[in-house]
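**Q** Dropping the structure in here first, questions after.
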Amino acid sequence: MGACSSCCADRNRSGLYEPLLQENEREAVADLLQYLENRTETNFFEGDPLRALSTLAFSDNVDLQRSAALAFAEITEKDVRAVDRDTLEPVLFLLQSHDVEVQRAASAALGNLAVNTENKLLIVKLGGLEPLIRQMLSPNVEVQCNAVGCITNLATHDENKTKIAKSGALVPLTRLARSKDMRVQRNATGALLNMTHSDENRQQLVNAGAIPVLVSLLSSPDTDVQYYCTTALSNIAVDAANRKKLAQTETKLVNSLIGLMDSTSLKVECQAALALRNLASDEKYQLEIVRSRGLTPLLRLLQSTFLPLILSSVACIRNISIHPLNESPIIDAGFLDPLIELLAYDENEEIQCHAISTLRNLAASSERNKKAIVEAGAVERVCTLVLKVPLSVQSEMTACVAVLALSDDLKPRLLQLGALDVLIPLTDSSSVEVQGNSAAAIGNLSSKVQDYQPFISVWDAPSGGLHGYLTRFLESPDTTFQHIAIWTIVQFLEGGDTELIDLITRSSEIIPAVRELTQSLDSTSPHQQADGDNMMNDESEIVGLARRVISMLSQNEKDF
């Protein structure tokens, strides 16, 4: 993005020899010609070279202004550096000329200088936006192109974005995004994209009527324009209010984005999937993407070897999988094997998290889907990886196992696959979420199983075994952890396995901890105190379960 290259195509210096030049102007012309002859050795941004350029720029002679503007454009095309007020003021003065040639070259020079970070701020500080906005309204395409290109460069600096949004630039930018000139269209859509990185600016953009323009340009034949528009719409779709507006007014948006996932441009494919991901934060779009046949291109991107494509598609399918009605269609479309493969994608933690989170979502509400996920090998892959992956991935993996463990039919299979061997060590993780998810999975596995031998075999090991985990959680100050542990013990006792019950009964740590919980809990952690009534309800239930354990153990002794 930036200046249109044709702005300096014609260097008409005939005006250098007009007979009515002032003495200082004649000297400046002669000096400038000499400096241009030795341009590779000359710094035009200070000293005598800058004074010569400034003299021509501030002249009343339009031919001299043209020469200065063309010189500035040519010099800055090859030499971009941080400059000061003395360099920018003559360029900004030229920008306000009524001559199209001067406008065209001056805006090209300013756009070149605006590539530098310090210059971006100084140009706006010195009032450069107002003349640039006027030039965007010019009937001359070259002037439009250069002015918009300069605005685009200025809008890459965060400190400028709000000033540009409030300057009145967004309405002409939106209009020029529909230009028949592809260069203007590219620069304008690029500028609009640069304005979508904050809530406030996105709202200004929406108010300026940019949404229908951006959506219509998704069908542009130019891949740069497609990329800028898909990325801008993706950013706009971050806001719930904007998604609602899009849903009400842009009925073809989803189909357009799905179509762009088959683009020949990798960056367009990637941004189209990300835009759909953001839209799929809402239930309506989760369903619409599936109904509009978006799963097929998403699956293709998911199986790509290009990391950004994999990340964008797996993030999108993760959001789509949230809706219960989408679970079976996603599984039937063939996503399970690729998702399970991505669990081992250790180049990118985010991809691993999205993949396992999707599997957990797919297992949420259907026994059929839980079985399909287990049969596809998800549990084996999790058991192999879970002790080695980052904490965020461990949290998602243990949560997924906890959901799968709700299925009575699948519990024997999970136990046979060694789920307890990895879950027990993770109950002592440095992450509270991983601890809680692992304990919840163990609790779910403990309920209504026919064979408790897998639990007996891990009573003392690994990592302190089931015995160590139950003791830690019973003695924890966290009532959630206490509740999980005491509930799990109730499941064991109700299961009636005499060997397991004997292990619990003979424990010198578990029984005293359970007896302690039969009394009202006096000490609570600060975050629990803030929970108020909920904490009291938890405490009451914990006390009730603890008393039930003691009662069941007493009854067992009598029966024995």
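Glycine residues also receive a Cβ, built from the backbone N, Cα and C atoms like all the rest.
Relevant sequence annotations retrieved from TrEMBL are reproduced here:
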type	residues	note
REPEAT	86-128	repeat 'ARM'
REPEAT	127-169	repeat 'ARM'
REPEAT	168-210	repeat 'ARM'
REPEAT	209-251	repeat 'ARM'
REPEAT	252-294	repeat 'ARM'
REPEAT	293-335	repeat 'ARM'
REPEAT	334-377	repeat 'ARM'
**Q** Sequence-remote contacts (6 or more beyond its ends) of the repeat 'ARM' (334-377), Cβ cut-off under 8 Å?
**A** 295, 299, 302-303, 307, 310-311, 314-315, 317-318, 321-322, 324, 327-328, 385, 389-390, 392-393, 396-397, 399-400, 403-404, 406-407, 409-410, 413-414
**Q** Should anything in the same chain at least six residues away from the repeat 'ARM' (127-169) have a Cβ under 8 Å from its Cβ atoms, list it; otherwise answer none.
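**A** The answer is 1-4, 6-7, 88, 92, 95-96, 100, 103-104, 107-108, 110-111, 114-115, 117, 120-121, 176, 179, 181, 183-184, 187-188, 190-191, 194-195, 197-198, 200-201, 204-205.
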**Q** For the repeat 'ARM' (334-377), what's the mean pLDDT in this predicted model?
**A** 97
**Q** May I ask for the residues of the chain that lie six or more residues beyond the repeat 'ARM' (209-251) and have a Cβ under 8 Å from a Cβ within it?
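**A** 170-171, 174, 177-178, 182, 185-186, 189-190, 192-193, 196-197, 199, 202-203, 257, 260, 263-265, 267-268, 271-272, 274-275, 277-279, 281-282, 284-285.
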**Q** For the repeat 'ARM' (252-294), what are the same-chain contacts with Cβ under 8 Å, counting residues 6+ beyond its ends?
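**A** Distant Cβ neighbours of the repeat 'ARM' (252-294) are 215, 218-219, 223, 226-227, 230-231, 233-235, 237-238, 240, 243-244, 246, 300-301, 306, 308-309, 312-313, 315-316, 318-320, 322-323, 325-326, 329-330.
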